[in-house]
Structure formats: structure tokens, C-alpha cells
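Working notes, structure below.
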């Protein structure tokens, strides 16, 4: 990877983020722009050394990037799918995946601690091998394989042929439904950190670097994100953003007034994180120092936390009645 080029990309990223006040939508379009710049540079380098891509492919993002819900700082979650099943194609796209991952790291995106990246053969496969892998995860139904299926559900193609990812998601959704795995997925997502105590107080970290702060990712985002993702499998919804998943749920499954309540509070949560998150780096971006919040801001946060828990419980009861 051309270090100076990607350092320039990081410079653009830092300047734009410091100069502008982003909405969540604008911020995530900006992240997509940075990804595209890095991917273009990676393709250029690999093409010069090894020739053009040997087959059509799609580069896709997952996690908060897949859902278009990244904060100012974000880590990497991505993969590659390509049509040609040969050792040479596998080697080529793994090289491309490595260049992309290294370029994104230079541009300010922390590498995924679980190695959910296109530089890992598990997330860089031919279409045929991807179909086999999805079938294997469904067949195994272990905690880890269910986790991988949940991760893949957020896949969103941002370069190449989006139809490849669409076909894989169609297969994953069909097999999950056929094998009745939704309750296993529910079990996989049950543990979530409480944000409000029995006396109505915000439950903050009591030791470590974030003492006095609340972890928004674990207490606020996970209930909304997990509930909407489970709904997407249940309702066959292929869209990835949490708000889209909620809006596309049929009225038979969930009344409009409930969808409106959950959407309103998740939108408020996205805005709340941008306004109040520490945002010094990737890890700090998950936390809010509650001592810096006004009484009204604390009240708003408690309402968001309450509605998120209510949303998850709504979906849990729905799935358990199936």
C-alpha cells in the first residue's frame, strides 16, 4: 500500500471530521467515501503487481459500517466474495483484502480484534465456498457459528457486484428460517448490560479508564440492533440499517405506533452519541461521561435505554410464541 497516499486519506478524514458537524447519515456517507478511497488505492497497487481482478467480485462491510451506524471512530468489519473458484483467485483476493485492511488501518480504522476482515480466508471466499460456509454455519448451530450468521446479516456491498452479496444473504436467510434457528439466535443475543438500576439511576463504570461513564454500545445500542436484526431474519428483511429494518416490519407483526416509538428513540440515540460521546478514539467513542450531562439529558438517556429494552423484550416474546 502506498503509505503516503493513505496518510493523505487519513489527513482528509481527520480534517473533515474536525471541520464539520455531521448528522449520522452524513457521517456514514463520509465513512463510505474513505473506504472507497482506500479500496481504489488497494486495487491500483494489487493490479499493478498481479494484474486485474480475475473475476467479478464484491467487497462488503458488516457491523456498524454495514448498518450505516458508525460513530466518528470505527473499527473494521468486512469481507470479499468473488465468482471464480480457483487457488489463483483465492490468492489474488486475499492479497487485495490484506491491502484494504492495512490501508484502512493507516486511514484511522482499527483492525477488528476478531479478525472479521477480508484479509482472513474465513471472510474472503469464492461464491461457491461462501455458500458452503453459510450452510456449514447453519448446520453446526454452535454459539460461534450463530454469531457469524448474525455478523453476516449486516453485510452491505460497497464496491463491485452487489448481486453477489444479495444472493448469499438470500441463502442465509432462507436456511435460517428452514432450520428454525431464530430461537438459537435469540439465545445468542440475550446478554446485555443494564443501563438503568432498580432505583432509576444510570449504571456507570465503577473502575478503570471510564469510571463514571456509561457504555452506550452495550447498554443502549445492542438492545435496538439485536432486536432489529432478529426481526430482519423473522420477516425476511434484507436491508441493514436498524431504522430500515424497523420500518419494513409488517403491520401484522408490529403496530405502527410501536415502530414509531422504537424508531424515534433509536434516532435519538444516534444523535445522542454524536453529541455526548467522548470520541477521542475508537474505544472512548462508546462511552458518555454522565457527570457532564444535564438533568434533562440524563432523563432523555434513561428513556432511550428503557425503550431499547422494551423493544428487545417485544421481539423476544414474538419469537418465543412462534
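Backbone N, Cα and C atoms are what each Cβ position is placed from, and that goes for glycine too.
Fair warning: this is a prediction, and the values are worked out from it, not measured in the lab.
Summarised as a single figure, the pLDDT of the domain 'Protein-PII uridylyltransferase N-terminal' (15-141) averages 94. The domain 'Protein-PII uridylyltransferase N-terminal' annotation in TrEMBL covers 15-141.
For the domain 'DUF294' (180-317), the DSSP-based tally of helix, strand and coil residues reads 84 helix, 8 strand, 46 coil. Feature annotation from TrEMBL assigns domain 'DUF294' to 180-317.
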